[in-house]
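Visitor: According to Swiss-Prot, the protein has these features:
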| type | residues | note |
| --- | --- | --- |
| ACT_SITE | 91 | active site, proton acceptor |
| BINDING | 16, 17, 18, 19, 20, 21, 22, 23, 90, 91, 92, 93 | ATP binding site |
């Protein structure tokens, strides 16, 4: 696709823990773009079937917008045509790293790209392609939720298994809502087998010194 002459592309990443309103923010952006008569395409990973298996993005508040289900990032490209002004992508943490090059390309073609995702997984590690998307974004909107323990701002997602903190060796991806996850602040986010008062080298780097 050749670069458009009108409009200016950009990448906005909306991130935060679960229950922070990320998807709701995407839906608001979509509605605003519709009011401006912009042509929009929305995508979400096929794996995200928490609230619907249909071709739609659904917020926790059950608000929806139509969406195309994709298995891999390159599935987006065949849908991009010259009249598209805005591309919306939900739950980007579940996508492969090709999404980084793809959204960079779309923005360079003067398409507005708005992405949401969890920047941290349940262990507090950078999640999937999200750190790279945050690095190349023109705008980052960091949302917070409310910690289920302290009632303070929450920027992490606590995984619970049978109501107790998960072990760090649990699978990274566990699709689900309140039955498995709740928002927590830094102080109250924990893993059953990790002592947070010690440096956890493997969480952030392969180097031990």
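Glycine too: its Cβ is placed from the backbone N, Cα and C atoms.
I'd like to know what surrounds each of these features in this structure.
Guide: Following the DSSP three-state reduction, the secondary structure of residue 91 (active site, proton acceptor) is coil.
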Visitor: Would you work out the biggest C-alpha to C-alpha distance among 16, 17, 18, 19, 20, 21, 22, 23, 90, 91, 92, 93, the residues that bind ATP according to the record, and give it in angstrom as a whole number?
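Guide: Maximum Cα-Cα distance: 16 Å.
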Visitor: Around residue 22 (ATP binding site), how many other C-beta atoms are within 10 angstroms of its C-beta?
Guide: 27
